[in-house]
Every structure is written in structure tokens, then in C-alpha cells.
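J.: Below is the structure I would like to discuss, written out as C-alpha cells.
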Amino acid sequence: MNSGESQRIGNGHGGKVIGGVRKKSGHAHRKSLNDSLEGEVKAFLIDEGQLHTYDDLTKVNPVTPTTVLKCLQARYRAKVFYTHAGCTLVALNPFQPVPDLYSLDVMKEYHCAPQPQESKPHIFIVAEEAYRNVQGQVEPVNQSLVVSGESGAGKTWTSRCLMKYYATVAACSSLLKSQDTVERIEKRVLDSNPIMEAFGNACTLRNSNSSRFGKYIQLQLNRSQLLVGASVQTYLLEKTRVAGQPANERNFHIFYQASSDEQRREWKMSHDQRFDWLPNAEKTLEEDCFDETVEAMLHLGINAEKQGHIFRILAGLLQLGNVTFCSAMDESQPCDLEEKSKVRFKLLSDSELQTCLRVRTLRAGKQSALFKPCSLADCSVRRDCLAKVIYAQLFEWLVTFINDSICADNSTWCNFIGLLDVYGFECFQFNNLEQLCINYANEKLQQHFVAHYLKAQQEEYVSEGLEWSFVKYQDNQGCLDLIEGIPTGVFSLLNEECLLNRASDAKQFRVRLEKELSDNGSMSWDKFSKQPHFTVAHYAGKVSYQIEGMMEKNKDPVPPELIYLLKKSENPLLHQLFADRDPVGQGTRGLKQVVTVVSKFKNSLESLMKILHSTTPHYTRCIKPNTDCRPLTFKKEEVIMQLEACGIVETIHISAAVVRSWLVRRAVRRWHRAAIVLQRSWRKWRVSRSPGSTKLHYQRSPLLYADLHPDHKRDGVTGLNQILLEST
Ligand SMILES: Nc1ncnc2c1ncn2[C@@H]1O[C@H](COP(=O)(O)OP(=O)(O)OP(=O)(O)O)[C@@H](O)[C@H]1O
């Protein structure tokens, strides 16, 4: 997401840009690649011809960064892009279409397979497992598919595949009498994608179709497990992009889609007018498909009239971006508008807009008001602020509209499968509030992963009376306390600072942080840095955050006079977007009702975590094999950094420990005996599957049966209440 105006480390070519944090020096990476090319590792790697056959990394022995990397590399070379890593599916991005990998036939194959987990690793296994869990009604019935990875790794692609899978296997409409495609709910659910991507994605240095927001999509299923609706929740749209794009990047796709020659004619804009907020317009991307966006909008009920309002707003924003200011001759007067800025904004009264951008209104009581000319810099800030607030509100309106169009009535659905597509860890040369929020979200998800899978599994074995040799895992609670702790976490202190009726002072805030948080092991400071900053040791690596500008970003103030102006717009949609907005309730210094960016983000993340905790999660880690997005190119250094950042080796260790240390080594004998009983009384068992394990639940203790049939062979173990099987 946004790194402000800061320059990013590397440019997508140098290999230092971080989505999954690059936490080690080059030297350290070389070391981790070569550390153990001896003994067991050497012996394992000797049979290079076989490495691509390891479809589950828990079968690799020994599990080291080198062995895991080599297997993935061999599979990639063999054009095998999915590999299990215990409870996680690793998806390597091929960066080119792979014929028949996601075809209808392949979907059917996985959907109809008696044991899908025995088929080749594929994202459809994850999809099918989740789907069968819903059918099996084993608690928790609702499912979450968590897709993570750095920018360009393939999260959006994966989410789209998953949605298409459910829209196919859980299709409801074939049962309906209406053949009208507009009516088809699954089509409408899929149509939400091009709209959200047009308005929320942009071409960045790392990905030509980068999602600039996080999203959680709930696919709603009825009692017969048919898709009857969906809802979308979005997080942290990078709205700063609308009013300024990092060098060599672009604005949101929709601006390019809607400013073709044909569209310009319609909006009465000259075909050669240049827009400051439309950089790199000469680049034509696959994503610039206006017709698809418009068609999807129509399907979802955004009719031609509403579309007209939307596109007029977008055209107005581009015009606004061309407004520039220069100092007035007389300093006591408002700044002048540059000559080229005298275009008409068309959405608001021109004279009122020009006043609002250049003159601050200070209210003293209800009646009297003082007018103060803004500085040159302030004028630009107000212009950008106007654009950001309009675009963010428009995006929110679209999401609400989409939800109204695809969400099923509460009485018609009973379970859901949620797809979470979130941004990976970010670490740029300069990091600010956006990165802190994103990295905080990743810490929460990592904790969820650890808590759900690792901790829960260890506890489960203990409660089942099974022998378990504990595997160490990294607990990131300390880091979370540092960020979200009340009253002395970074977020709380930041909010406190923002509520004080005084101008923000980065140095002062830095001193406050040091005073309150110096005993937290996850926080540190570079004593030689001139810029006020703090460094957080995230589970995926250290990230330094600039303090300058952080308070302003957190307050995200919108001058009340801009909101008053927007409320008066003659564009019905723009008017509607701001009709209920209280102009003074937001971002005005000193007011209690200030809702800061971090408190909003923390609240929405807490709701998301609650949902995730109430579901059975399935994790997919997307890996970007090279930073240049080149087809079928595997850069070891790039991959290993991502594997380390998402803790995949640790995950494999634990999954492998689960399988080897007790499933196979100690308790397999008991399972041999129980299996035969299972075959006879299968119907009495309920099966729940997640990658890496299968659980069979029975009302009575499986141990009762364990002694009856001593000679049957399968890999698994009986606990006190469950039988756990190793997935093959
Ligand atoms: N399975 C796949 N097969 C073919 N191409 C793929 C696959 N996955 C990803 N890609 C290619 O990689 C590009 C980047 O993928 P995607 O947009 O899904 O990344 P992302 O992780 O969502 O990135 P961001 O966080 O920036 O949104 C896609 O536009 C597509 O060209």
C-alpha cells in the first residue's frame, strides 16, 4: 500500500522491495541457502530428479530452507505450481496462463473426487475441503480461506479462482426457472470483481493489477450448500493514490478506462487534454477494459444514469488534479490560481470551490466566522483532501451498492465460506501509518494462524492423552501489545496525541513513545537517525516507521467547509455521498468525536478476527518467484525471503512433527486396529478435513474399538475422542 511520497527501496528490479519483509542481509540469505549442504541435506538433495515429486513439504527430510527451496524450485521447473506445506498450501505464481489448470473439467474432477486431498495439490483442494466441511456440518461449520503473500504473488488471482470454483460447484441458478443471466446470483457475485478491481486496483511497480485495499468476501450458502449470495467487506483503501501516484505508477484503473477518446467526447473533455493525476496514460494494460466494468455495473444494477453520475465525478476529479496555485502579489490575499487551472470542475460551484480551496473558515460560535487565506502548501493539501474524501466515499458507496445487490436475505442462507485477500507485510525505505496498519493486520493474522493451528493442535493432542513433543513457535503477543496495548500501545498514544488541541510534534511524540515503551522488547530506536522514528520487530522482520506526518495521517482531517460545499453539489450522487455527513464531527482538532484512522482500522480488524476465530481456517501462501513478474522464472533469493517472512519452514516443521513424531512413530498401531471398525460403521462418523489432517468424530470413545482389530493398517492415531488421520 501507500508509502506516501517516499521513494521505495528498489523498484521491483533490485529485489529489495518488500511485500513479505526481507528481513535478512544478503549475507544471511546466502548463509541460509548454503548453511547445511552437508550430511543429511546433501544426501536428500542428491536425488535431484525426484525433488519435484514432493507434493507435501512435510515429507521432505530434513526440513531446512535449502531442501524446501530446492523442492519448490524443482516443482516450478516441472510446471507444478501448487505444493502442500502441512496445513498450508503454497502457490507459486507462474506469471503466465497455464492451459487447463483451472478449467471446468478440472473443477469437476476435484469436486467429484472421493478423496480430493489425494489428487495433485491445487487451490481447488482447499476450496473443496472447505466446501465439504460445510456439508459435513462439523463445528465450526463456517470456513475461512486466508490468502496471503506479497504484492504480485497471486492473491487476487487465487481469490478469483476460488470464487469461480464456488460459483460453479455451488451454482444455484441452474435450479431456477429463469435463464436470464442478469438474474444469476453467481454471475452477479463474480461481476463484483471487475468493478472492485477497476476502482480499487492500480498499476504499481510491483504488480500491474495491484489491489490497493484489503477484502473479505463472504460467500453465503443455503441449507443445500448452494451459493445464494455474498457480501464484501473492504479495508484501508489507499485513497492517497487518487491525488498523487509514486513515480512510474498509475492512478486507479477506472480513471484510465473512463478517459478513452470515446469517453472524453462523452464527458466533453478534449481528447488531448493532459491530466496531472493520470500519469503513464500511454501505457495500455489488460486491465483497462471499460466495457467489462460497465457491463458488470449494469448486471449489478448500476444503471446508465448512475454510471453517468459516477463518471462525471471521476472526470471532475481529474480536472481538480489540474488545479494549481501560485502566491498572490499581496500576501494578505488568497493564493492565485494558475492560468491552466481555470477549467470548470462542473460538480460544484466554481467560485465557491475556489474560495474553499484557498481560504480557511474559522468559526467562533454559531454566527461569526473568520476567513484566513491558506498558505500555498495548504491550498494543495486542501485540493488533495477534497479528492481523497470524494473518492473514498464513492468507493464505499460502490461497496454498499454491490452488497445490496449480491447479499442474500438472512433467512435464505445459513453458512458461509469467507475469502480473505490481504496485503502482505510491507517495508519500504520510508514507512508510515499505512505500513504500520498493514503490518499490524499481518501480525494479527499470524497470531491467528499460530493460535488456531499450532497452539490448538498441541493442546488437542494433550487433551486426547497423546504423546507430543512440543515444537517451539514464535509468540508475537509482545509485538501486538506494543501496537494495540491500552493505554500505552503505539495506537493509543497516537490517538491521545491526535486528540490534544495542539500542532503535532514528531520529536515530542518520539520522546513520549520512548518513555512509555522502552521496556517492550519489540521496540527499538536507531540512535544515529536524524528523523524521528521507531522500529518494530515484527515476526517477519524489523520495520522502521517515520513519525513525521503520522499524526496528521491518523487524524485525516477534512476541512468542514469542503463538506458543506459537497453537500450542495448538483451532481445527485455526489450530493448523496455527503448528505448524512456531519462537517464538524470529523477530524476537527480537539473534538471528542474524532474517529482516527487507527481506531477505525483496529475496530474493523477486530470484527474480522472475531469472524475468523469462529470459522475453520485454510491458509494459502502465494509466492512471487521473481520481482520482475517474468514467466516461469524462479529466483532463489526472492523465494527464500518470502518463505522466511511467512514462516513456512516453521509451519512445515510443526506439521512434519505432527505427522512423524507421534502419528507415525508411536501410535500407528492403535489406528490399524480401529480402521476396520471405521469401514463397518462409517456412517456413524463425521469427517472434517483440513490440509494436513483428517478428523473423524464419534460419539463414543474410539479406543473401545481400537483393541478389536489388531491387524488393519493405515496411518493415523486414536485419541480419547477422535481419530486423526494423516492426509496423503
Ligand atoms: N495462478 C496463476 N496463473 C497465471 N498467472 C497468475 C497466477 N497467479 C497470478 N498470476 C499473474 O500474476 C499477476 C499478479 O497476481 P495478483 O494480482 O493476484 O497479485 P496480488 O498478490 O493480488 O498482488 P497485490 O497485493 O499487489 O494485489 C496477475 O495479474 C497474473 O498475471
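Cβ coordinates are placed from backbone N, Cα and C, and glycine is handled just like the others.
Note that the coordinates shown come from a computational prediction; the quantities given were computed from them, not determined experimentally.
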J.: Under TrEMBL, the annotation region 'Actin-binding' belongs to which of these stretches: 99-121, 191-213, 605-627?
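T.: Going through 99-121, 191-213, 605-627 one by one, TrEMBL gives region 'Actin-binding' for 605-627.
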J.: According to DSSP, collapsed to three classes, what secondary structure does S151 (ATP binding site) have?
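T.: For S151 (ATP binding site) - judged by DSSP and reduced to three states - the answer is coil.
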J.: Given the model, what does the mean pLDDT over the region 'Actin-binding' (605-627) come out as?
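T.: Computed over the region 'Actin-binding' (605-627), the mean pLDDT is 95 on the 0 to 100 scale.
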J.: Count the Cβ atoms, other than its own, that fall within 10 Å of the Cβ of S151 (ATP binding site), considering every protein chain shown.
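T.: Result for S151 (ATP binding site): 23 neighbouring Cβ atoms inside 10 Å.
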